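Colleague: Would you mind keeping the following structure in view while I ask a few things?
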Amino acid sequence: MGRQKYEYYQLAHLSLKLCSVSMDDQSDHTNLPWVGFKPLGLGASKPVCIQDFEQLAKESLTKNAWDYYSSGATDEQTLHDNCMAFKRYRLRPKVLNDVSCVDISTSVLGQKVDIPICIASTAMNKMADPCGEIAAAKAAASVGSGFMLSTWATTSIEEVATETGNSLKWMQLYIYKDREVTKQIVKRAEKCGFKGVFLTVDTPVLGQRYKDVKNHFSLPSNLKLANFEVHEQASGVKSSDNSGLSDYVNSMIDPSLQWSDVKWLKKITKMPVVLKGIVTSEMALKAVAHGVDGIVVSNHGARQLDGVPATIDALPEVVNAVNGRCEVYLDGGVRSGTDVLKAIALGAKAVFIGRPVLWGLAYNGEEGVRTVLSMLKDEFKNSLQLMGCRSIKELQEGQNLIVPEAYYLSRL
C-alpha cells in the first residue's frame, strides 16, 4: 500500500469507528474511548514487529485508556523485567535436521489449537476498539487459537458466544463478595459453551497503579462492564479521588479468597478449572493438591505486586514442581515468536498474550489482532525451524536447547 493510501486507510478506519456510535454518543464525543485517534503520517509504514503496534496504539488511544492498559504496579520493576527476562535465556540450536515440514499445533485443556499462542483476558476492550472483545475473539478463531474473556469485559458472555459460534473460548473469573454473582457468571459461561474457567488468584485487592490514581481512572460513560445487570456492578468503575477501578475492587471483590474457594468452584462447574497468577513452586504444589486442571504462570501483567519474578523466570520452578500433573501456561512479557519459543522450551503448554492484543485492537480492530497473532505465529514457526525442531514435542524433549545466559558466563 502506498504511503498516501495508507493514511487514507487510517482515516477511513476512524470513520468506521465513529459511524458505529449512536448520534447521542457522538454529541458527547469527549466520552468516546478512541477520541484522540491520530492517523499515521505519510512517512509511516505498516507494522513489522509487535513493538510497532505498541507505538501505534499509544498514538491512537486516550491517555486514560493508554495508561490503564500499559502501566504496571508502583515502580514498574516487574513490568520492565517481564520483557527483559526473556533476553536472559540463550538458545542452542540443532543443525542439519530436516525442518521442511513442521507442526506448531498443541492443545489447551484437551482442545486443539493450531498455534501455542492464545489471547489472555484483558478488561474493557472497547476502550481500544468499538467491537472490543468480539473483535479479539473472532481474530483468535481465524488463526485457530483460543480467547479468554474477562469478567470485566465490555461485551457480555452471551454476546461473545453469539457472535463467535463454536470457537474456542474460556472464562476468566474474579470471586465477588456476593458469591451468587460469581456463580451466575460461571453458569452462564458454561451454558454458552466456554471450555474452561481461569480463576485469578493474585487479586484479593488491587495493586497500586500510580498512573491510574493520577488520572482518576474511570471507564468512559458510554461503556459498562457488560457481564452485570446491577448498576453498581456494571457501572461502578467511575472517577474518584483514587483510581475508579481500585475503588470498585475494594467494594466488590472478596479479599478473603482462600484455597477452600477453589474446591467450591470445582463443585459448581463441570468446566476445567485453571488457577491464574501463580509464580512459585510452593503455590503450584498446593494448586495440584487441590485438583486444578492447569496453572497460568502469571504476575497479572506486573499490575499487582511489584518486585515479583518475571514469569519466564518463574516458569521452570512451577513446571518442575507440577511434574506433569496439570498443564502449565505462561503470560506476561511475550513480544516475539522467539519469546514464545523460549516459554514453550521451558515447559509451557501455551502462552497467553494481553497487551499486544490491545495494541492490535487500537491499531485496526479485528484485523489488527489477527495481524498480531499471525505475526507471532510466523515468528514462532521460523524460530522453531532455526532451532532444528519439527514440533513442540521435539523442542521440549531436546537436551539443553535453552539455557540461562549464566551457562556461558560461567565458562569465561
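Here the Cβ of each residue, glycine as well, is placed from N, Cα and C on the backbone.
Curation does not apply to TrEMBL; its annotations are automatic.
What TrEMBL lists as active site, proton acceptor is His300. Sequence annotations record features per position, and here TrEMBL assigns glyoxylate binding site to Tyr68, Tyr174, Arg209, His300, Arg303. The FMN binding site annotation in TrEMBL covers Ser150, Gln172, Thr200, Lys276, Ser298, Asp331, Gly332, Gly333, Val334, Arg335, Gly354, Arg355. Among the features that TrEMBL reports, domain 'FMN hydroxy acid dehydrogenase' is placed at 42-405.
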Colleague: Does anything in the same chain, at least 6 positions from the residue listed as 'active site, proton acceptor', have a Cβ under 8 Å from its Cβ, and if so what?
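Modeller: Sequence-distant Cβ neighbours: Thr200, Asp202, Thr203, Gly207, Gly277.
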Colleague: Return the count of C-beta atoms lying within 10 angstroms of the C-beta of Ser150 (FMN binding site), excluding that atom itself.
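Modeller: For Ser150 (FMN binding site), the 10 Å Cβ neighbour count is 23.
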Colleague: Rounded to an integer, what is the Cα-Cα distance in Å between Tyr68 (glyoxylate binding site) and Gly354 (FMN binding site)?
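Modeller: About 13 Å separate the Cα atoms of these two residues.
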Colleague: List the Cα distance (Å, whole number) between Ser298 (FMN binding site) and Tyr174 (glyoxylate binding site).
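Modeller: Taking the Cα atoms only, Ser298 (FMN binding site) lies 15 Å from Tyr174 (glyoxylate binding site).
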Colleague: How many whole Å apart are the CA atoms of Val334 (FMN binding site) and Arg209 (glyoxylate binding site)?
Modeller: 21
Colleague: Between Arg209 (glyoxylate binding site) and Ser150 (FMN binding site), what C-alpha distance do you get in Å?
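Modeller: The separation of the Cα atoms works out to 19 Å.
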Colleague: Per residue, counting other C-beta atoms within 10 angstroms of the C-beta, which of the binding-site residues Thr200, Ser298 reaches the highest number?
Modeller: Ser298
Colleague: Among residues Ser150, Gln172, Thr200, Lys276, Ser298, Asp331, Gly332, Gly333, Val334, Arg335, Gly354, Arg355 annotated as binding FMN, what is the maximum Cα-Cα distance? Answer in Å.
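Modeller: So the binding residues stretch over 22 Å, Cα to Cα.
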